[in-house]
């Protein structure tokens, strides 16, 4: 069934796909409300995370994305706000055992995470081990029912058909979003990848663009081509760029 769905999606892509913006423009509030203000650096300190959370509150970002060890701290810093706490699982390689990813997700939610960004097993995807990839994602989704799960497909390592397969499997496995990149690979988000991913998953799933998004113009372009969320460590700079353009 999985292989059939992938082949069906590839055939549809070959016949009907057209690269064009999903919307004509995006304003500063569209960008602000899409940003997941991110610090996943291996040398991030508690003070860095406190600063990240303060900036997210002040700028009314959608959320913060932090390493698992800082979920509890971020939850405390954001108490009483609408800012979501997002963390990562199987990060950044995606090569952990499935049960490890599932337990990581459980512990993250117990610590206060609202959303989970898990890394797909890139090697198994490239080997066309569809069932493995499906079960890997499904196990995380099932382990934290009721929480949003995003699947990082690491587009920089995939060809077009592999990107399509990753999106199809993520959707079948019950994930809520597909995400372009970890930010630790050889490349980040592109409008072309974002558009393809949204075209494949449709309106039933979201797309998170992440990796290399540093300016207001970058963020607007990603949203215009289908991104629902923006993962970036440059959230403040991005919003300041929008304010300079539009005022306030």
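Glycine is no exception: its Cβ is also placed from the backbone N, Cα and C atoms.
Swiss-Prot has this to say about the protein:
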type     : residues : note
ACT_SITE : 117      : active site, proton donor/acceptor
ACT_SITE : 179      : active site, schiff-base intermediate with acetaldehyde
ACT_SITE : 208      : active site, proton donor/acceptor
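Structural mapping of features recorded in Swiss-Prot.
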residue: 117; record: active site, proton donor/acceptor; DSSP class: strand
residue: 179; record: active site, schiff-base intermediate with acetaldehyde; DSSP class: strand
residue: 208; record: active site, proton donor/acceptor; DSSP class: strand
Quick one: Cα separation, residue 179 (active site, schiff-base intermediate with acetaldehyde) versus residue 208 (active site, proton donor/acceptor), in Å?
4
Between residue 208 (active site, proton donor/acceptor) and residue 117 (active site, proton donor/acceptor), how far is it from one CA atom to the other, in Å?
10
Let me make sure I understand the structure: which of the active-site residues listed (179, 208) has the fewest other Cβ atoms within 10 A of its Cβ?
208
